[in-house]
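Residues or ranges marked as transmembrane segment by TrEMBL: 27-49, 61-82, 102-120, 141-162, 204-226, 238-260, 272-291. Residues or ranges marked as domain 'G-protein coupled receptors family 1 profile' in TrEMBL: 41-289.
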Amino acid sequence: MERNNLTRPSEFILLGLSSRPEDQKSLFAVVLPIYLITMIGNLLIILAIRYDTRLQTPMYFFLSVLSFVDICYVTVIIPKMLENFLSETKAISYGECLTQMYFFIAFGNTDSYLLAAMAIDRYVAICNPFHYITIMNHRRCVLLLVLSFCIPHLHSLLHILLTNQLAFCTSNVIHHFFCDDQPVLKLSCSSHFVKEITVMTEGLAVIMTPFSCIIISYLRILITVLKIPSAAGKRKAFSTCGSHLTVVTLFYGSISYVYFQPLSNYTVKDRIATIIYTILTPMLNPFIYSLRNKDMKQGLTNLMHRVKCQ
């Protein structure tokens, strides 16, 4: 373990998923296909929505943006992870580490705000279908999109500025596979009381705002669906929400496990939970949304047919 007396190290060492040399090539062989599947799957979702006129609706508009953000999200983490699997040093510069942390926090929170926008869309479609086109018009969709990007990026900037004020004068070894906020914070030898308070107040507010929108939207949806007299009508209403609920459960379940606990409790188990929302969820999203959605299946089929004909 490297030690120095500098308040700002020139680089950090990413310990990764395993510190054993014999595991590195095996991990590389596992993670690389996951990255390629994630990239291809999300790109197919974007193209299918782009070229199918039946998918030109607010719901699929937000889904295409979510797929784009997921591509950015995994690209922030996995390429460096793959590089470190084949590297002996596993080093990341101080500036690169903060940059990675910035975009990780920004894109991760953008995901949650887009999921909230999609929940609002489903609420309007089910609870107020006759005014759906008027309420979810182009202007409101753009407004939700702007908020989904601006709030997370401002939130991320605040956390990076606070992290940059910390002193790192003991170890420079990060016990994680990327520069996550919690493991980096554990290396600081200066007081990070302000940082932790910010995480538990401003950070909690930023995270809970979209989560509250999702909960409220689905409570209203549940009340409306229960009033539908026919079982077929109830199934049809719930079927439009199934994919979204699955993604929300995966995303928020793993995040709450990792981050809603004291900093001192951060362990190897949290690294495993982090894999779910940083790597597995972006890979599974295209499958979840396409396999359980007839319109999306048809859109992908049309895209494949279009490619073959060219």
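Just so it is clear, glycine is given a Cβ too, placed from its N, Cα and C backbone atoms.
TrEMBL: automatically predicted annotations, no manual curation.
Long-range contacts of the transmembrane segment (61-82) within the same chain: residues 14, 16, 28, 31-32, 34-35, 38-39, 42-43, 45-46, 49-50, 92, 96, 100, 103-104, 107-108, 110-111, 114-115, 117-118, 121, 141, 144-145, 148, 177-178, 278-279, 281-283, 285-286, 289, each at least 6 residues beyond the stretch ends and with a Cβ under 8 Å from a Cβ of the stretch. The average pLDDT computed for the domain 'G-protein coupled receptors family 1 profile' (41-289) is 87.
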